Each structure stands twice: as C-alpha cells, then as structure tokens.
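Novice: When I checked TrEMBL for this same protein, it listed these features:
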TRANSMEM  18-41  transmembrane segment
DOMAIN    19-470  domain 'Major facilitator superfamily (MFS) profile'
TRANSMEM  155-180  transmembrane segment
TRANSMEM  213-233  transmembrane segment
TRANSMEM  245-265  transmembrane segment
TRANSMEM  286-305  transmembrane segment
TRANSMEM  325-344  transmembrane segment
TRANSMEM  356-380  transmembrane segment
TRANSMEM  386-405  transmembrane segment
TRANSMEM  412-431  transmembrane segment
TRANSMEM  443-465  transmembrane segment
Amino acid sequence: MCFVLLRWLREERQSRKLILFIVFVALLLDNMLLTVVVPIIPSYLYSLDQSKVLVLKNSTESQEASSGAFQTIVSLYDHTVKTVGSNATSRPTELVPARLPGTELPGNATCPESTSMLTNENVKVGMMFASKATVQLITNPFIGPLTNRYFGYQLPIFAGFCIMFASTILFAFSSSYALLFVARSLQGVGSSCSSVAGMGMLASVYTDDEERGHAIGIALGGLALGVLVGPPFGSVMYEYVGKTAPFLILAFLALFDGALQLLVLQPTKVEPESQKGTSLLTLLKDPYILIAAGAICFGNMAIAMMEPTLPIWMMETMCAEKWQLGVAFLPASLSYLIGTYIIGKLAHRIGRWLCALVGMTLVGISVICVPFATSIYGLILPNFGVGFAIGMVDSSMMPIMGYLVDLRHVSVYGSVYAIADVAFCMGFAFGPSIGGSIAENIGFPWVMAIIGIMDILFAPLCIFLRNPPAQEEKVVSHNLFSISLFSISLFRSHLSGGDSSSEASIRVLE
C-alpha cells in the first residue's frame, strides 16, 4: 500500500490539484501555529508574572517570620494562606484565609485579582504577537525577488517548512518570555517563505483568472482552517494537558507536510522563472495594487488587534476560564472558512471589488459591536461577522493581485504576492502592538472603535478596482500584435483574391 502511494505521488508530481493540496497544508499548519498561541500566551505569561510576585511575597514574609512576628503557610489543597502567630505571648493560632491572585475559590469562576498587572500584559502580549509579522514584513521583500530570479517556488516553500518546524519545537520547550519571543519571530521567516512561494506557485499553474480565484480560495481555506482550529485546540490542550502538547502535535503534522514536499516538489531542484518579472518597486508604485494591498492590511488588522486584547478583556470583565479564551475566536474562524469558500467561487461573477467593499464595511461594523458583549455568548454574532467579512476581503483581493499583474505587468507572481503578504503582515505587526498600547491607556472598546471606523472609511476605495485599466505598454503590444495579424490576413486575402478573407482580416483587427 505504501509503495503504491509513493508511486502515485511520483506519477502525479505535476498535478495542479496535488500542488494545491501541498499549499493548503502549508498554510493550514502555519496559521495553526499562528493562532494556537492566542489563548496560551496571555494566560501563561500572567502565570509566570504571578509566580514571580508570589515568590517575592513569600520571601518577604519569611523574613518577617524569622524576626518572630508571624509565619505564613500556603495550602496547596485549597489555595489559602494561613497566618500563624509564633510569639509565645500572642493569642492562639489564627487562620486567615486569603485567595491567591489568579486562583479559583471553590464554586467560583477564575477571576484574576491583580487587574493592574493584567492590564500591563497587553503591551507584552501585543509585542510578542507583532514580532512574527514584523520579521515577516522585513523578510518578504527579499523572498519575492529571490523566488522569481534564482530559486523558483519549490525551494523557498520547503525552507519555510524547516524554519516553522524549528519554531514549533522552540515554542514547546520555552519557559521564558525571551525564548517565546524568539520562537514567534522565527516563525515570521518561515511564514514568509511558505506564503509567498505557495501563492506564487498557485498563480503560475492556474493561469485562467476564474480557476485561479477558485484555487486561491481553496488555499485560503487552509489558512482559514488553521485559524479555525488553532485557538480552541490550543486552549483545550493547555487547560487539560499542558503548554508543550499542542506544539508537539503541530511539529508532528509539519513533518508530514515536509515529507510530502520532498516527494512531490523535489525542492533540491532550482527552477527560476523563465522570464524576468516586474521589479518590486514598480509594483509598489501601481495604485491599484496598493488599494488591494490596503484592503488586505486594514481588514486583517481588525482581527490582529483582537487577538492579544480580547482574551485579556475577557479575563477582566467576564472572569473567563482558560478554555473560553480560545473558544471565543471559534465563530470568527468558522465564518472565515465559510466566507473564503463561498466568495472564492462567486467573487469572479459578482465582482471582486464589490465583495471587498461590502467585506470592509462589515468588518468595521462587527468590530465596533464586540465590546457590547457581556458574556462569551454575546461575542458569537460580532465575531462571526468579523470572520466572514475578512474572508470576503481576502478571497477577493488575493486573486485580484494576480489579475492586476497579468493586466498591467509581466505575469510573474513572486513579487506581487510578496506585496500581498507584506500587507497581511503589516496588519498583524501594527495591529497587536498598537492595539495593546491603546487598550492599556484608553481601554479595549476604543481599540475596536478606532479600527472599525478605519475599515469603514477605507471601503469606498475598492470602487477603483471595478475596472482597472491595462498598462499602456501592454495595450501597445496588444495593438502591434493585432496589426501584425491583420497584415498577414490581408496578404493572404490578396493572394487568394477572396472577399471573405478580407472580412475575416477586419474581424481579426477588431
């Protein structure tokens, strides 16, 4: 059975569907690692800080006890602090129950005691979450041209797997903020390789615009599925198994993806593009590409701001348990999966510009409604709207980036999808860092109001993508080609002396 499978993989190596599946799995694992930390990191960092405070407090109290004043005993059974008078002349032993910060009293929900410390976590968590996107933002401008001119798509996507595997292992065994920060940053390099090379590979094998839109919609379904599974998977595993387990499972799945790439893509072969693509700087000067990139950036910035701030806000206002911090993102992830699949099929027919315009507006309205929730159930509808709307934007703008290159530039896709990934990363770089700082100073509701208004104001710019003009150079080359065909047809009609050939040549010119 195994040999039959290997033989089938070798025979189907050039199959477009198999390449689509590999890109799907690569985006799935990358975004599972991206989101699995969302419910884990805020709670884990808070517990680390609380343990440091508790150790410092116990050491201070032990010094006081040594002077003969009091002695404290921490009960590991019911999480109470028993204060015992040790002076011979004092009253009999006195028990003073006191709840430790962040622990749970019998019959009550977990509610952090130190809200000031919890508020301070916004900046630390935001900076850590933003580090991945920031590194990816720096790396993307190099990955795009390298895929076009030197390495092709196979080698970078395999390099992305190797780096992501190393990042996952580092996440599993890190027990300090510094190492977790390094692991998150390292993931940014791997994500840059996987996403740029993966999208470029799909655009090169699916040349028809409608087919390409459908294929990219399926690939974004892998991204959506990773975003869908990551938070609840991480929160449940962290609650009942521990921090290490979810990352080890992801590392095992990454090995499967790496083996598949070795068999099918043969990343040891370096196959650069046969024609030289448009330079990255030229693409960045194209206003239509910038509008599409802006929609990707601001649309995803909404969920990026929510990732570090929403769990902390839930811990403050709802006394949410660990598993609830990840499950709260489940409606957004599920609706993103639905949105990318539906709009990926329909956007070509109803207009990608219209889907993006409606999506940006819906993102803005939904995020403004998030702070009005008073329980985890109140988050279901606004989070569902956020996810579906971002799915509309991504599944519309990703294909249109390839279409704009075909229409206005040279049909080589590494650089344009590097720009798309840069836009995505800017949202996830500035979103958590800025959102964490704003939430610390003026509160979580203002974070959602600011990004919601920005999305609504940006939405009308998508109208310019309704019918983008072709580049003048391409129009001139098309006209020269038509004139050449007309001359050939006219020459043939002259040789044959028939009127029908002349009419055909006029149709060719038209």
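Including glycine, each Cβ sits where the backbone N, Cα and C put it.
Walk me through the surroundings of each of these features.
Specialist: Remote same-chain residues near the transmembrane segment (18-41) are listed as 9, 12, 125, 128-129, 132, 157, 160-161, 164, 167-168, 171, 180, 184, 187, 190-191, 194-195, 198-199, 201-202, 205, 215, 218-227, 229-231, 233-235, 238, 243, 246-247, 250, 253-254, 256-257, 260-261, 264-265, 307-308, 311, 322-323, 325-326, 329, 333 (criterion: CB distance under 8 Å, separation of at least six residues from the stretch ends).
Nonlocal intrachain contacts for the transmembrane segment (286-305), taken as residues 6+ away from its ends with a CB within less than 8 angstroms of a stretch CB, comprise 129, 133, 332, 356, 359-360, 363-364, 367, 386-387, 389-390, 393-394, 397-398, 400-401, 404, 408-409, 416, 419-420, 422-424, 426-428, 430-432, 434-435, 447-448, 451-452, 454-455, 458, 461-462, 464-465, 468.
Listed by sequence, the residues of this chain that lie at least six past the ends of the transmembrane segment (325-344) yet keep a Cβ under 8 A from its Cβ atoms are 35, 38-39, 42-43, 213-214, 216-218, 220-221, 223-225, 227-236, 303, 306-307, 310-311, 314-315, 355, 359, 376, 379-381, 383-392, 394-396, 399.
Sequence-distant contacts of the transmembrane segment (356-380) (same chain, at least 6 residues past either end, Cβ-Cβ under 8 Å): 292, 295, 298-299, 302, 305-306, 310, 313-314, 317-318, 320, 324, 327-328, 331, 339, 343, 386, 388-393, 396-397, 444-445, 448-449, 451-456, 458-460, 462-463, 465.
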Novice: Flag the pair the transmembrane segment (245-265) / the transmembrane segment (155-180) as in contact if three or more Cβ pairs fall under 8 Å (sequence separation 6 or more).
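Specialist: Counting Cβ pairs under 8 Å (6 or more apart in sequence), the transmembrane segment (245-265) reaches the transmembrane segment (155-180), since there are 3 or more.
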Novice: Please give the sequence-distant neighbours of the transmembrane segment (213-233): residues at least 6 beyond its ends with Cβ less than 8 Å from one of its Cβ atoms.
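Specialist: That would be 16, 20, 23-36, 38-39, 198-199, 202-203, 206, 246, 323, 325-330, 332-334, 336-337, 339-341, 343-345, 347-348, 352, 391, 394-395, 398-399, 402.
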Novice: Considering every residue in the domain 'Major facilitator superfamily (MFS) profile' (19-470), what is the mean pLDDT value?
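Specialist: Averaged over the domain 'Major facilitator superfamily (MFS) profile' (19-470), per-residue pLDDT gives 78.
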